[in-house]
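Structure first, then comments.
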Amino acid sequence: MLQSNRLAIYAIGKIKKLWIRDGINQYKKRMPELIINELKTFNLNNLRSNNNIIICLSEEGKQFNSVELCSLLLNFKNKKINFLIGDTDGVSSDIKEKSDLVLSLSPLTFPHELARLILIEQIYRAISISNNSPYHRS
């Protein structure tokens, strides 16, 4: 079973759009253990350990459907899963190279603030799938 206390989102910058912040807060209420940090820069040294997985979001990344994403996250067993979201310019090639996985949410390009909301919804959906909750309808 996938649990939100093993998941964290690290994103560059603050959310300025109120409607996105409200959407994120709705999912945060459902997953209070989920860590969401707004940063100025990424420090991979703090995230890198034997028990951590780093997943960087980029439009060039690998795409999964919701069930496949759930399966992927479940395969990481007891590891802490850290998602990195860049700013308007994305993440650097250095961060992508040092990540365990580069993930794309879609072939479409989204503003970085909206990508956070979509990622949080997909995390909630993955948790729901792993718990056999009726939220996900395939």
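Backbone N, Cα and C define each Cβ position, glycine as well.
According to Swiss-Prot:
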type	residues	note
BINDING	Leu57, Gly86, Leu105, Ser106, Pro107, Leu108, Thr109, Phe110	S-adenosyl-L-methionine binding site
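Residue with the densest Cβ environment among the binding-site residues Leu57, Leu105, Leu108: Leu57, by other Cβ atoms within 10 Å.
Taking Cβ-Cβ distances under 8 Å and a sequence separation of 6 or more, the neighbours of Phe110 (S-adenosyl-L-methionine binding site) in its chain are Ile118. Pairwise Cα distances among Leu57, Gly86, Leu105, Ser106, Pro107, Leu108, Thr109, Phe110, which the record gives as the binders of S-adenosyl-L-methionine, peak at 17 Å. Annotation for Thr109 (S-adenosyl-L-methionine binding site): spatial neighbours Glu59, criterion Cβ-Cβ under 8 Å with sequence separation of six or more. Of all the binding-site residues listed here (Gly86, Pro107), it is Pro107 whose C-beta has the fewest other C-beta atoms within 10 angstroms. DSSP assigns Leu57 (S-adenosyl-L-methionine binding site) to a strand in the three-state reduction.
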